[in-house]
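Chemist: I'd like to ask you about the structure that follows.
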Amino acid sequence: MKDYAREENGGLVVMASCSDERFPPENMLDGKDNTFWVTTGMFPQEFVLRLESCIRVSKITTLSLNVRKLAVEKCDQDKPDQFEKVFEVELANRGDRLQTEVHQVNIRAKYLKFILLQGHGEFATVNRVSVVGGDDDGGGYDEPGGGYGSMQRQPSMGYGGGGGSAATGFAADPGNAAAGGGGGFEDEF
């Protein structure tokens with residue numbers, strides 16, 4: 001299935017609460033595990049992802065480091081001014097290993113807001129975001145009256161080995177800094 005968060009598929013970060021020119025929010029959408037957006041040391045932090053059009057979303061995946069609590073909200077309108085919660089989750093502390101969160105959802109969205117509510121450390125990173133789904137067919141998702149749609153969480157997985165960490169390894173080898181030894185998420189994203 002198509003990953004609608006990728007830049008080449010129309011995904012665009014239209015707002016980020018913080019930015020470092022060395023680690024811009026666009027890094028989350030480039031398809032690479034060793035590039036990332038980094039927070040500036042305070043929480044909460046958030047970013048809004050605009051999809052090319054309003055689509056049915058079936059899976060949201062994040063690859064991050066040092067995120068303790070994450071919430072995702074959706075908006076299916078042309079103007080991103082009213083969001084509804086999709087899910088909120090607490091992530092395990094994986095040390096210098098990346099956190100992979102996979103959530104099966106059944107929603108319709110044009111915008112997704114990712115809110116990093118708390119971190120395990122002073123800084124946190126989001127290395128990749130994936131939004132999988134299909135064209136908006138006008139129905140069959142978003143439970144009536146629920147606002148949340150439906151969601152099923154798959155267990156969080158850590159990944160990493162020797163090497164640096166994205167939150168502490170800014171001067172490390174860029175090919176090794178984020179994933180503690182490389183990628184390996186091609187099947188997931």
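Note: Cβ is positioned from N, Cα and C throughout, glycine not excepted.
Annotations for this protein, taken from Swiss-Prot, read as follows:
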BINDING   Asn27, Asp30, Lys32, Thr35, Asn127  Ca(2+) binding site
REGION    135-189  region 'Disordered'
COMPBIAS  167-177  compositional bias 'Low complexity'
COMPBIAS  178-189  compositional bias 'Gly residues'
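Mind mapping these onto the model and telling me what they sit next to?
Modeler: Under DSSP, Asn127 (Ca(2+) binding site) is assigned to a strand (E or B) in the three-state scheme.
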Chemist: A 10 Å Cβ contact count, applied to the binding-site residues Asn27, Lys32, Thr35, Asn127: which residue has the minimum?
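Modeler: Candidates: the binding-site residues Asn27, Lys32, Thr35, Asn127. Fewest Cβ atoms within 10 Å: Lys32.
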Chemist: If one looks at the chain holding Asp30 (Ca(2+) binding site), which residues at least 6 apart in sequence have a CB under 8 angstroms from its CB?
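Modeler: Listed in sequence order, they are Arg6, Glu7.
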